[in-house]
Amino acid sequence: MTITTINIPSLTPHPCVEYWSVCKVEALFETPFLELVYQAAQVHRKHFNPQTIQLSTLMSIKTGGCPEDCSYCPQSARYHTGVQNQQLLCVEEIVEKAKIAKSRGAGRFCMGAAWRGPKPKDIGKITEIIKAVKDLGLETCGTFGLLQDGMAEELKEAGLDYYNHNIDTAPEHYKEIIGTRDFDDRLNTLGKIRKAGLKVCCGGIVGMNETRKERAGLIASLANLDPQPESVPINQLVKVEGTPLADAQELDWTEFVRTIAVARITMPKSYVRLSAGRQGMSEEMQAMCFMAGANSIFYGDKLLVTVNPEEDGDQLLMAKLDLKPET
């Protein structure tokens, strides 16, 4: 199958959208911490109810054996991380997990497959899975890697609501993290997703030895997507033994909160998801993230192959903070 590059105005100014230069975003990062959180909270309240939170559950439907060399990922076939490879799960098993997620309050069911990208033969089964989960009354999101021509349209027709395709890190830092694809590969698939009419879930990871300027570059790249992503997951690196980033320098908690706040200010109408890494965050840190504009979490004890807070703990935290699930 021939893959045609789609030209998309991803990182160019738009007359109806504020253009965020890296310098401008970096200046936001330099704002005194409490003032930055306050500004982000004000922006958040203009566009969202600050006392509701969107709950998503993420399930790995095909695990391990990925040919990519992403330095953060325990599912890469290039690293010895103890992850057990698992082929694409059957529809029935996925539907059972989706039913449990719905019964526990999740409104969106996200499915991830460890591929560079799906092959044409995989799409038939994926569309069957999407239809079955949609029949439960859940929103659906898929993260299956780089898409070939026509695949996004097939996923849309099956009922997929969101496609997750993170840009990972700033363009300037990309080759330090991934060598088997480049930044433009991600933009190409994002263009196909938009063209098919799917909603975009697109974010990145912080704590991968990047500089603050490179964190600003990540946020600027996301904020200048046209249109901006409906959902922006901000992940804190989960360091896994066996991956090249297992010994990455620890990111100070205030810097992570700053990243959430800057994402909220630059993407005021997007859901900002407090994503991977929550297991290592205190309740106080998570509360600061919600104050700074995060209004979505992954809900469930596992994120693909890494640990996530258990539902009971999240319910308790939400009760303490008077947060209610979005309906």
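One-based numbering along the chain as shown.
Note that Cβ sites are derived from N, Cα and C of the backbone, with glycine treated the same way.
Swiss-Prot names C110, C141, C201 as [2Fe-2S] cluster ligands; from the candidate set R273, R278, the record adds R273 to that same site. Taking Cβ-Cβ distances under 8 Å and a sequence separation of 6 or more, the neighbours of C201 ([2Fe-2S] cluster binding site) in its chain are C141, T143, Y162, Y163, N164, H165, P229, E230, S231, V232, P233. Non-local contacts of C70 ([4Fe-4S] cluster binding site) by the CB criterion (under 8 A, 6+ apart in sequence, same chain) comprise S76, D168, I177, I178, T180. Apart from C110, C141, C201, R273, the [2Fe-2S] cluster site neighbourhood in this chain, defined by C-beta within 8 angstroms of the site C-beta centre, holds S56, L58, R108, T143, Y162, N164, S231, P233.
Here R273 ([2Fe-2S] cluster binding site) comes close to Q54, S56, G203, S231, V232, P233, I234, A294, S296, I297, F298: these same-chain residues lie at least six apart in sequence, with C-beta atoms under 8 angstroms from its C-beta. The 10 Å shell around the Cβ of C141 ([2Fe-2S] cluster binding site) contains 24 further Cβ atoms across the protein chains shown. Comparing local CB density within 10 A for the binding-site residues C66, C110, the maximum falls on C110. Spatially close to C73 ([4Fe-4S] cluster binding site) yet at least six residues away along the chain are C66, Y79, T243, judged by Cβ distances under 8 angstroms.
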